[in-house]
Ligand SMILES: NC(=O)C1=CN([C@@H]2O[C@H](COP(=O)(O)OP(=O)(O)OC[C@H]3O[C@@H](n4cnc5c(N)ncnc54)[C@H](OP(=O)(O)O)[C@@H]3O)[C@@H](O)[C@H]2O)C=CC1
Ligand SMILES: CC(=O)[C@@H](O)[C@H](O)COP(=O)(O)O
Ligand SMILES: [Mn+2]
């Protein structure tokens, strides 16, 4: 059982739910990290008493240092500070729940320091999957999935006798708030409408990704790296209720699924306690309360981001990093009211097409450069 956690992104949706799990399991917190939410970080420092707190934003870090001067916590800042939290000597698990590909370098730092990583930050694997998985193998570090679908697959695989018996991974997708709509229906949708996820209460970026179904595309790439499966063996089925969190199919066509209420504290807790299980704050699933569960084919025409990610993983190399970087910027532009909902998918496609077809990814700089050039492409295209 883990004793002390370092939590990157502690003020976010996954971070605060992780701290809820930590309370229930009576674990210690060695380090906390966030971007700029010093008010919540101060509360967390006072409750969990970490040795270290990292604040990415320099001026927010200065503010926090003054606010918690009466406590022994060490305050650090910037990427260096985030990496110090990621390599925390006293931590036996780093839970990475920062949003976006800014989580890549801290993940690699944690792995380099020999720390197991519970990974919610899917953009890290999408952009830098080959480097992350190779570093994990070299350092004998475990990457434990937190993302609900990947936790489901991981849980189903606990009984898998041999990898070659596994035929397919089936990821479930809620379909988001715009399930069943055509492209014409989506021309005018607002950020407010896109932020209404039917089943999950999450941070803004992943909620928009769910609405465009980019999230499911990112998750195909994430699954491909985590479970060493080609994208051709990863299917997506729309399941409106988000009760079946994902499935695996064996050679003999037997399908194993993991089910539960849509509450991230189940996969978060499993990532922390694996391979053990403990009582959880989440309620029991009552299938009779649901009555029926529904399943549909995804609509790749309307939700073009899903098609873009399939294309990215098939192209390989730096294409997924480009698709991810373009999407991160496009989502922000949409939330700021500067582009329309449908432009997100268009820009992701175009930024990826604009990326030279480079197959070999030999360094973090390759990924950071592809990410930067995709972001610049989107910003220039929008003007
Ligand atoms: N929410 C969910 O249910 C799920 C989320 N995920 C994935 O988990 C990740 C986090 O999502 P979610 O919790 O929803 O996101 P939120 O937006 O709610 O939280 C993001 C967290 O990251 C921190 N952060 C952002 N930028 C930086 C930075 N540069 N340095 C340090 N910390 C930073 C934020 O700090 P601050 O508050 O100061 O801005 C905040 O703590 C994403 O990759 C998402 O796709 C996966 C499955 C489910
Ligand atoms: C909770 C979680 O894991 C999210 O990634 C969720 O899957 C989003 O829902 P969609 O299935 O709508 O993308
Ligand atoms: Mn998910």
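Cβ coordinates come from backbone N, Cα and C, glycine included.
For the NADPH site that TrEMBL gives as 11, 12, 13, 14, 121, 123, 203, the extra residue drawn from 37, 253, 311 is 37. Matching 115, 122, 292 to the 1-deoxy-D-xylulose 5-phosphate binding residues that TrEMBL gives (148, 149, 174, 197, 210, 215, 216, 219) identifies 122.
Proximity to ligand 2 at the level of Cβ atoms, with a cut-off under 6 angstroms, picks out 215 from the binding-site residues 12, 13, 37, 123, 203, 215. Its own atom aside, the Cβ of residue 219 (1-deoxy-D-xylulose 5-phosphate binding site) has 29 Cβ atoms within 10 angstroms in the protein chains shown. Listed binding-site residues: 11, 149, 197, 215, 219. Those with a CB atom under 6 Å from ligand 1: 11. The predicted model assigns the domain '1-deoxy-D-xylulose 5-phosphate reductoisomerase N-terminal' (5-129) a mean pLDDT of 98. Annotation for residue 197 (1-deoxy-D-xylulose 5-phosphate binding site): spatial neighbours 174, 176, 177, 207, 210, 211, criterion Cβ-Cβ under 8 Å with sequence separation of six or more.
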